[in-house]
Amino acid sequence: MITIERVLEILKADANFRHIKQNDQTDSTWTDVQFDALSYDSRTVSPMTLFFAKGLAFKKEFLEKAIEAGLAFYVSEINYEVGIPAIIVHDIKQAMSLIAMEFHGHPQKQLKLLAFTGTKGKTTAAYFAFNILKQSKKPAMLSTMNTTLDGKTFFKSTLTTPESLDLFAMMAEAVKNGMTHLIMEVSSQAYLVKRVYGLTFDVGVFLNISPDHIGPIEHPTFEDYFYHKRLLMDNSRAVIVNAGMDHFEVVKEQVSSKDHDFYGPTSENQISQSAGFDFTATGKLAGHYDIQLIGGFNQENAIAAGLACLRLGASLEDIHTGIAQTNVPGRMEVLTQQNGAKVFVDYAHNGDSVKKLIDVVLEHQTGKVFLILGAPGNKGESRRKDFGLLLNDYPQIEVILTADDPNREDPAAIAEQIRAHMTRTSNFILDREEAIRTAMSQTSSPKDAVIIAGKGADAYQIVNGEKAAYDGDLEVAKQYL
């Protein structure tokens, strides 16, 4: 429950209030109204809902339908002149976050908050942290892959970082469930559209940075992308940063006055010895660790999570056990065919993560290697060039381009945009399942491998804005073992 008086106080304190408009009347105050729900979905309103009219695709007709359902008040940057009072603000997204925070009783104050950002590795690092903290704490987790608000029941996530109304509702539920910690992935988009506006994290972790999410509906430039990634550092009480990341000196300077730990090359916290399924660390986490996820980058993610959890009350024993227990759906999952050939399923979906995936596989598989790859439609358009240029560096790999969440674009046209930057041959098979079957049928020995990149554990394809039925890469591959 929240009163309109409190709503207006919050907006005015944030310098985000313009006025209240109803017909020809303009006001700066209002009294005697209470709201028992918040919503940005015009299909889920009641007379006591405070509704937020947001988004480029929002239409006046949505508001009119909500009024038919009894809506009596809304917040907007625009006066839609629909006959009910409108609280006009400068920034609707800022308003949503601060009002949701208040409506749910500031649940963040009752949780220790850990956030991961980076171009890749956020989900893996979040899972490491979850498994570490669950040894002696009660963590909830919001990840790109799955969400748990009670530490036991998992459900599929819709966004890397939820909309602020959903985020604070989830936090409140986690508190109600007795959780003590919350692990989150915080995307650059979350800061771009202010889903975490006003929120301070106890520990923020910056894993890495490389060009991604650059396009008409995301970030216009790499500089803008990097800036929004770095905002997590400004909004965290303590930070963990990868000393081996590109542009590290920029971040190092930014966090110099904060409580911080660095890990990786040139830092105290390094991996001194590394094998496929174990590694040895120096510094605060000094010791030997078993790990299920192969690849040096996964070992670095484990170190980042361990350092963060150490600051949040985990013991070294918790960290050892949690790292050893961690596996992640759709991340470096390995199947073995009857002929001994390996199938690697991974969520790698940008140039840098695909390169690391290929390099790890080539360390272990010396025979014929197939790569199944696509690029999503209507987002991350810079990936297409990145993929094309990257694949030129691996002429020994057989490449099959295919559909990967084409959305409202033609998968064949996306493949041609990738090919435009390639100086080598590749095949195109529209149907993703057929592409997987074809590649697996052409392997013949334990030295061979099929790499299926992009979708990980996603059991759908995004086509024309909807989630179309698809079994998922891992399940499809299992059918042809």
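Yeah, the Cβs are placed from backbone N, Cα and C, and that goes for glycine too.
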Candidate ranges 160-163, 404-407, 444-447 [criterion: Swiss-Prot lists as motif 'L-lysine recognition motif']: 404-407
Binding-site residues compared (THR119, THR123, THR124) - the one with the fewest other Cβ atoms within 10 Å: THR119
Three-state secondary structure, which DSSP defines for GLY118 (ATP binding site): coil
Composition by DSSP (helix, strand, coil) of residues within the motif 'L-lysine recognition motif' (404-407): 0 helix, 1 strand, 3 coil
Cβ-based neighbourhood (8 Å from the centroid) of the ATP site, residues GLY118, THR119, LYS120, GLY121, LYS122, THR123, THR124 excluded: PHE116, ALA125, GLU185, LEU207, ASN208, ASN301, SER353
Number of Cβ atoms other than its own within 10 Å, given for LYS120 (ATP binding site): 24
Rounded distance in angstrom between the Cα atoms of THR123 (ATP binding site) and LYS229 (N6-carboxylysine): 16
GLY118 (ATP binding site) CB neighbourhood, other CB atoms within 10 A: 23
Residues near LYS229 (N6-carboxylysine) in space but at least six apart in sequence (CB under 8 A): THR117, GLY118, THR119, SER188, TYR191, PHE206, ILE209
